[in-house]
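Undergrad: Per Swiss-Prot, the features are:
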- Asp409: active site, proton donor (ACT_SITE)
- Thr356, Gln386, Gln454, Arg498, Trp500: substrate binding site (BINDING)
- Cys423-Cys443: disulfide bond (DISULFID)
- Asn96: N-linked glycosylation site (CARBOHYD)
- Asn215: N-linked glycosylation site (CARBOHYD)
- 53-212: region 'Pectinesterase inhibitor 3' (REGION)
- 1-35: signal peptide (SIGNAL)
- Gln408: site 'Transition state stabilizer' (SITE)
Amino acid sequence: MAPSMKEIFSKDNFKKNKKLVLLSAAVALLFVAAVAGISAGASKANEKRTLSPSSHAVLRSSCSSTRYPELCISAVVTAGGVELTSQKDVIEASVNLTITAVEHNYFTVKKLIKKRKGLTPREKTALHDCLETIDETLDELHETVEDLHLYPTKKTLREHAGDLKTLISSAITNQETCLDGFSHDDADKQVRKALLKGQIHVEHMCSNALAMIKNMTDTDIANFEQKAKITSNNRKLKEENQETTVAVDIAGAGELDSEGWPTWLSAGDRRLLQGSGVKADATVAADGSGTFKTVAAAVAAAPENSNKRYVIHIKAGVYRENVEVAKKKKNIMFMGDGRTRTIITGSRNVVDGSTTFHSATVAAVGERFLARDITFQNTAGPSKHQAVALRVGSDFSAFYNCDMLAYQDTLYVHSNRQFFVKCLIAGTVDFIFGNAAVVLQDCDIHARRPNSGQKNMVTAQGRTDPNQNTGIVIQKCRIGATSDLQSVKGSFPTYLGRPWKEYSQTVIMQSAISDVIRPEGWSEWTGTFALNTLTYREYSNTGAGAGTANRVKWRGFKVITAAAEAQKYTAGQFIGGGGWLSSTGFPFSLGL
């Protein structure tokens, strides 16, 4: 019996043998098309079963919360053949239809690679970037369906909400990333035009799923908390009536042991923090004294889809290579010998033919990636435009005591949940950018001297949908200038950021801001684009550049005055850090 499309593109089969799966899918699609052509109009008995009135009602109610309700309804109605009894059913049906659309986009890209004449090297690279982001999108959507099957029983409601929103937010980001690869010149834009319709369709389908997920989880959380509040009040009233005093010990959450470590930190995590006594699974040394001579070789030899931490010790030295920690390389840790001693460096850049996405010296995608005591560097100068030192799409990733050094687009916080602590990030234009949910704590963020006529932008956040749980949070950091900029800072305007995408979200809080930052604080991208839809916030900052009296007057900018409002941007809430940061072994703060 011929396999069904669902079987062909099941998560397990897709991951086991992607090329075989996609070939089988192509054959299956041709077979289905042939059968459809023969049987068209033969009998009404073969038509898709229409939705029942009750399913229609559920569908319309669920789609009412989306940004594209007509698409939301028509996609499911056209597919037919499903019984919808809840909003979760509608979300699952919508996501499954989105998977089919993503599969179609895959074949569109493959066809362009094979048949399009005269593709430039960068266009070929951009198309392969699209294949990579399509691969990631398929994984994310399959995982979304699996998580929906478990909802709401296997995790807390907030964990479910965080995971589901992150998966779909990342899927949306991937569509934008594919298209962004064709934005460098006019020739690129012709290829972009061939992809645009399919990519935008998937992005809109994902947007609808995200809106429904947000509506469902927000409602369920509110109902749960209301019930918990009533239960708590009833218990309190009963205790007061009985004149009973209940003592609750919460001090343990912040207790320290005799050596000054938090009591909840395991011995293994303490060793990671101390940076000594950690057993490496592989050692990289340029002089041949380790297991491998290159970082890329060590990563290639690491196990795939591992649930156990795999530590790669990178000895002191300069490693001139480009490294990718792919999606299947999970739980990898890079441990250097010091941020000034272990350096991974490259020079890929847009001017010389790369895409921004592909220019990264190091790209970390496999989930739970950790790095400490390393410098990630791109030596392409300011004249080479976009040249990324580090790109991160790894969920639950963290970086401690690392340097990210480049000029334009230094740190690409691409997608998923990320954390940086005690790091140095230096650059010029948009040097912290992307659409992850990321918190940077206790970091030094330094603008460098750019080319003549350029302006420095610390951030360029890329949120494209108001329901994405993404943004850049800079907390308890120091924002200043490198020595080469400090003496000429008046000649090179420097800003906290500008809106790369329509719903750009950036928060600067509890940080020291030097006078390198101009009084208006923030800059436009172009004209009035995104000024009413962005979310830019400042809270409790200090320093000569922290004054807000002369800040921009955009509708999307606001100075936060209440701690309760700032709390939602902390590591505990914004990236759900309470559930995973302790496992990194790195220092962190969950609150203000």
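Placed from the backbone N, Cα and C atoms, the Cβ positions cover glycine too.
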Undergrad: From the recorded positions Asn96, Gln386, Asp409, Arg498, pick the residue whose C-alpha lies nearest to the C-alpha of Cys423 (disulfide bond).
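TA: Smallest Cα separation from Cys423 (disulfide bond) among Asn96, Gln386, Asp409, Arg498: Asp409.
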Undergrad: Taking Gln408 (site 'Transition state stabilizer') as the reference, which of Asn96, Asn215, Gln386, Cys443, Arg498, Trp500 (the recorded positions) have a CA within 10 A of its CA?
TA: Gln386
Undergrad: Across all protein chains in the structure, which of the recorded positions Gln386, Gln408, Gln454, Trp500 has the highest Cβ count within 10 Å?
TA: Gln408
Undergrad: I'd like the number of other C-beta atoms within 10 A of the C-beta of Thr356 (substrate binding site), please.
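TA: Its Cβ shell of radius 10 Å holds 26 other Cβ atoms.
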Undergrad: For Arg498 (substrate binding site), just count the other CB atoms lying within 10 A of its CB, please.
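TA: Its Cβ has 25 other Cβ atoms within 10 Å.
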Undergrad: Between C-alpha atoms, which of these recorded positions comes nearest to Arg498 (substrate binding site): Asn96, Asn215, Asp409, Cys443?
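TA: Going through Asn96, Asn215, Asp409, Cys443 one by one, the Cα closest to that of Arg498 (substrate binding site) is Asp409.
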Undergrad: Are there any residues at least 6 positions away along the chain from Cys443 (disulfide bond) with a Cβ closer than 8 Å to its Cβ? List them or say none.
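TA: For Cys443 (disulfide bond), the qualifying residues are Phe420, Val421, Lys422, Cys423, Leu424, Ile425, Ile474, Cys477, Arg478.
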Undergrad: State the Cα to Cα distance, in Å, between Gln386 (substrate binding site) and the residue listed as 'active site, proton donor', rounded to an integer.
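TA: If we compare the Cα positions of Gln386 (substrate binding site) and the residue listed as 'active site, proton donor', the gap is 6 Å.
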Undergrad: If one measures from the C-alpha of Asp409 (active site, proton donor) to the C-alpha of Thr356 (substrate binding site), what distance in angstrom results, rounded to a whole number?
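TA: That separation, Cα to Cα, works out to 8 Å.
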Undergrad: Which residues does Asn215 (N-linked glycosylation site) neighbour through Cβ under 8 Å, counting only same-chain ones at least six apart?
TA: Ser62, Ser65, Gln87
Undergrad: If you measure Thr356 (substrate binding site) to Asn96 (N-linked glycosylation site) at Cα, how many Å is it?
TA: 31
Undergrad: Just how spread out is the substrate site if you go by the largest Cα to Cα distance in Å among Thr356, Gln386, Gln454, Arg498, Trp500?
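TA: Greatest Cα-Cα span of the listed binding residues: 19 Å.
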Undergrad: Can you give me the average pLDDT across the region 'Pectinesterase inhibitor 3' (53-212), rounded to a whole number?
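TA: Here the predicted model's pLDDT, averaged over the region 'Pectinesterase inhibitor 3' (53-212), is 95.
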